[in-house]
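Here is what TrEMBL records for this protein:
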| type | residues | note |
| --- | --- | --- |
| SIGNAL | 1-18 | signal peptide |
| TRANSMEM | 42-61 | transmembrane segment |
| TRANSMEM | 81-101 | transmembrane segment |
| TRANSMEM | 130-151 | transmembrane segment |
| TRANSMEM | 204-222 | transmembrane segment |
| TRANSMEM | 275-296 | transmembrane segment |
| TRANSMEM | 308-328 | transmembrane segment |
| TRANSMEM | 340-358 | transmembrane segment |
| TRANSMEM | 370-390 | transmembrane segment |
| TRANSMEM | 402-421 | transmembrane segment |
| TRANSMEM | 441-462 | transmembrane segment |
Amino acid sequence: MLVTAYLAIIFLIALCVALELTARRLTPPQSTPTAQANPAFRRFQSIFLRAYLLALWADWLQGPYLYKLYRHYSFLESQIAILYVCGLASCVLFAPISGWLPQVLGRRQTCLLFCLSYSACCLTKLSRDYFVLIAGRVLGGLSTSLLATTFESWYVHRHVDVHDFPKEWIPSTFTKAATWNHGLAVAAGLVANMLAEWLHLGPVAPFLLAVPCLACCGWVVLTDWGKEETEGGPEGDKQTLLGTSIGGATRLSAKARFTRSCQEGLRCLLSDRRVILLGGVQALFESVLYVFVFLWTPVLDPHGAPLGIVFSCLMAASMVGSLLYRLATSSRYRLQPGHVLCLAVLMAFFSFFMLTFSTAAGQPRPHESFVAFLLLELASGLYFPAFSFLQGRVIPEEKRAGVLAWFRVPLHLLACLGLLALHGEVSGDGGGEAGSGTRHMFGGCAVMMLAALMAVVSLFTLGRNDTDLKLEETREEGEMY
């Protein structure tokens with residue numbers, strides 16, 4: 001496994017570079033020449049990305065060795081499953097709060113809260129006490145929820161409401177962030193592997209490295225963002241400042257806005273069958289990804305796999321998938337996002353089908369499992385941009401936050417139930433890799449992927465002639481005929 005992992009990362013990085021160069025040649029840049037030539041916009045974009053990328057880097061550093069750390073502390077697999085469930089459950093609980101806090105504390109202050117809570121989460125990894133680690137998972141759930149919403153909220157608010165830049169420039173910033181995010185994920189695995197294995201600092205080392213990264217992120221938010229807000233004008237958080245001065249009235253207003261958003265989201269969800277099917281696909285596909293995040297380490301670690309390098313391979317495979325999506329939907333190939341989504345779900349099903357055989361008790365085949373994991377990450381790289389495109393077309397923008405809040409409920413619920421089922425399997429058959437719980441979980445994930453595939457087929461059977469689900473160029477050609 002050691003040699004396989006190193007050969008795989010070299011091949012995947014080379015493939016990523018080749019596909020990136022090809023994609024740049026075939027696809028036009030997302031930002032307009034006006035945006036590129038505007039020094040005020042470039043400066044504002046740079047200030048945002050410095051903090052946001054530091055936050056993402058700290059988040060990725062914690063990925064490769066989380067399970068390994070708990071095993072290092074001699075916890076059973078069933079106990080580790082409960083720790084993961086606590087993290088997922090806290091994501092569900094804090095998701096509404098993460099949308100409400102910026103309205104009460106202010107967007108910049110909520111980003112600072114993220115840095116503090118995530119730093120505390122990392123420091124809890126120094127303890128071997130089970131309940132301290134549970135508290136750390138709860139803090140991690142809060143931090144993950146804040147990372148998913150607050151930084152983007154600050155940027156969009158300043159971009160549109162304060163600087164009055166064109167909305168068409170917003171995708172250029174998040175496209176750049178997504179490109180950097182993939183590279184950071186691959187690099188995080190390499191750095192984590194160097195700290196934990198090459199330098200023999202143990203699996204807690206990547207978590208400790210994340211703390212100064214979060215401190216730097218907080219410093220950028222406190223200084224550069226604060227200066228940007230001062231120069232941009234105090235009206236940026238006027239509503240928040242007013243809420244602080246008058247107390248409970250605005251807090252109630254914030255709660256009322258969130259409640260109304262959820263109610264409108266539920267009405268949109270129940271009134272449009274396309275939205276229900278899309279939500280079903282998301283819940284099924286992304287919930288099994290949470291289960292995969294838990295299971296890949298115990299499947300490969302007993303066979304001497306370098307976990308940091310394997311993590312980098314998985315992230316590079318996901319990057320390959322996103323680059324293939326860019327190529328497939330380019331003006332040269334014109335493959336529809338719906339077709340890419342079907343392909344992604346089919347690949348994920350095949351991956352889990354492979355894993356049900358490669359993880360058979362007493363006859364593990366780690367190399368086949370590794371290939372299946374790479375195939376799954378490749379599928380996820382295709383899935384997320386395709387799903388994002390369809391989500392933008394099916395769900396009205398003003399109702400999107402409420403609808404997505406409802407989407408997350410079954411998603412996290414299914415993931416928690418899957419991990420609890422694994423906990424029961426491990427507890428019942430004696431635990432460990434020799435048990436059949438892991439194989440049963442992969443079989444269950446394959447069934448869920450089959451259900452997701454049926455939902456995708458139903459979605460596009462329903463909207464076969466729906467131009468909203470097609471790329472703009474194809475829509476224009478259809479209108480000509």
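Glycine is treated like the rest: Cβ placed from N, Cα and C.
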Interface-richest range of 130-151, 204-222, 308-328, 340-358, 441-462 toward the transmembrane segment (402-421), CB pairs under 8 Å:
441-462
Segment-segment contact (the transmembrane segment (81-101); the transmembrane segment (42-61)) at 3 or more Cβ pairs under 8 Å:
no
Contact set, same chain, for the transmembrane segment (441-462): CB under 8 Å, 6 or more residues outside the stretch:
273-274, 277-278, 280-281, 284-285, 287-288, 291-292, 295, 338, 341-342, 345-346, 348-349, 352-353, 355-356, 359, 414, 418, 421-422, 425, 469
Under a criterion of three or more Cβ pairs within a distance under 8 Å and sequence separation of at least 6, are the transmembrane segment (308-328) and the transmembrane segment (370-390) in contact?
yes
Go through 42-61, 204-222, 275-296 and flag the stretch with the largest number of C-beta pairs under 8 Å relative to the transmembrane segment (370-390).
275-296
